[in-house]
Amino acid sequence: MISRIIALISVLSLAAFRAPGAATSCGAKHPCGDGSCCSQYGFCGNTTGFCGSGCLSLCQDQVNSSRSTSANGSNYTVVPTLVTDEVFDEFLYSHNQTDCPARGFYNRSSFLAAASTFPDFGTTGGLDVAKRELAAYFASAAAVTDGGCYVEAVDKEADCIASAEWKCAEGKKYYGRGPLQISWNENYGSMGVALGFDGISNPELVATNPVLSFRASLWFWMDQQPSASLSCHQAMLLQDQGFKEVSIILNGGPLDPTILSERIKIYNNYYAFLEATANLTSVASAPLPINSTSDPTRVPANLKERSCIGSLCSTRKKLVVFVMPLLIGGGVLTVFVCLALWSLRLAWHDRERARGNISNLEKLHSLSGTPKSFTYATLSSATKCFTAVLGEGGFGIVYKGLLSNGEVIAVKVLRQSLHTDWQFLREIETLGKLHHVNVVRLVGFCVEKSKKILVYEFIPNNSLEKHLFDTHRTSDGMNLVLSWEQRYEIALGVARGLSYIHEECSHKIIHRDMKPHNILLDECFCPKISDFGLAKIIKREESKVMSNLKGTPGYVAPEFWSNRKSGLSTKFDVYSFGMVALELMAGRPNLKEDVPSEQSFFPSWAFTKIASPAQLLDHHIANQADLQQVQVLLLVAMWCIQEEPSLRPSMGRVVQYLEGSIEVPPNPPKPFQDVSKYISINSSCSSSLPCCEILSEAR
């Protein structure tokens, strides 16, 4: 793609008072009284930032000349070639969205104008390093601005610690602004000196002038900060660990591992996108960066020494001169034709998919009782730019949010490849109609570009897992030991919730991932089934034979890891419920290594204690449990985990057992005939993985 001709934008100064140590205002017709340079932003000073490119008056010619040469250096060729309009729009994907506060502020022309004043940015080390640095810069910017949706931080804190060098100007706040959300008065002051404006008295310029905004971010990127041993630019020369170092530098310290992992994924995706688009735009034929260690004109010594001997010499030269251009030209033409057709095909599919999504959304909005549709900007604002992480599951990260009406919500950003748009909207339509005290309520959703987000009611007391197992309990008392009464009520509540989705909805819903992690507890410790990411919605007359079945090790029904084909049914969830019920009794995982060998697989050991179930109880509650309820729950669990699905009760029948309206049949068969096989299968797939593929069969 042919690069646009970039015009540097000169911005007339804004009036500002003079803070201690600040530069005075000036202009092209109003030179600085002390003979210093007047920068392009209308401030007086003597550094390159003031006297360099764009200087308005009393400029030092030698500095200006030097700066001008640098500005037209190598990155003015390489960076515009790599960062095409398509790339810029893909990387800052929200910058033109109508509901974004920064709509239209970030633009490619301003970025290129800013980048041209930093000749080493995107040029050091060769073409591959240039791609990595650009990917890292834009991945960082997208992460903190929601893809260019924000230019100013949502929380506008003062962020100022006055020092002898950098004061706090009256009425000014130094919160995050620009692509990298630079904050604190020290950074604004140093940045101003480097770029030619009074950053202490005029921090708002970073949010009103797009070229300066990008320049500010690039200054921070290229300059080694006092708290870091490297600049972001230098860190990207480290290759493998570069982006991790960049994230630490920009954050001012280590990031939460979950957030870091997500940012690394963004970086890898951006780098891959640059690789693909660079090939399509023939960037490989562009001149290598000025600072590259490679010299395309240098001929290797071993080739210089070779010569053509004998009569074959002239023939070979003719073949090279006449045949090779034809072969190369034909090959290149073929490749470009194929790529063009491929690009057109992708564009057609994108348009058709977009039309389909709009149609599906309109259809969904027309239905009564469906969840609310939120904009991405609304959810970004509610979650403070997706910073308040509640947890992470196999299907995405969950953030805490606060809507403008005061409602607290849980916002789940789904991983991109898990649902097609059609599946996603269909599941919203179905799950949005679920209304049960033991099922988490779906408040709304968001579908924008590649983003798929679910909005749920916020459940304050964490998951059952956090309260049940010793390894998850915290010393601050946030996750307390559950009493026996609470545990029994939780088992009953979960059973009611499963019975509802199995038997009382227009479509059967099979959860497929029932486990303590997916059972949330409200302020009264009432259980709510959550995370329907693996749920299957099946018409009542349908039966499914599943391929690529997924679930969590330890909770997956044995028919799906045996050698026989089996239809997916509600009995899958019944089995999982039985395993959860046993863990409620014992306060430990069903598969545990640091216990006597006969107790390592709890279900088998529990079967031998049906006559004396008190021995199975969590030691924290052993003296307070109702032994009759313990007996009932143990028998129910044993029936639920039978290897033969037909022997398992329905969840409706389980509710009746636990409520005491009918008696539980005594003497259930031994549930596991081959315990060693079960342990081997479930140990081979780490239980830390929320989605583990257990079996793949043909439909």
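Cβ coordinates are placed from backbone N, Cα and C, and glycine is handled just like the others.
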Pick from Cys37, Cys44: which cysteine does TrEMBL list as forming a disulfide with Cys32?
Cys44
Of the candidates Cys26, Cys51, the one TrEMBL records in a disulfide with Cys37 is Cys51
Rounded to a whole number of Å, the separation of the Cα atoms of Cys44 (disulfide bond) and Cys37 (disulfide bond) comes to 6
Cys55 (disulfide bond) sits from Cys37 (disulfide bond) (Cα to Cα, rounded, in Å) at a distance of 7
Within 10 angstroms of the C-beta of Cys55 (disulfide bond), the count of other C-beta atoms across all shown chains comes to 23
DSSP three-state assignment for Cys32 (disulfide bond):
coil
Expressed to the nearest Å, what is the distance separating Cys32 (disulfide bond) and Cys51 (disulfide bond) at their Cα atoms?
12
Looking only at the domain 'Chitin-binding type-1' (23-61), what is the model's average confidence as pLDDT?
71
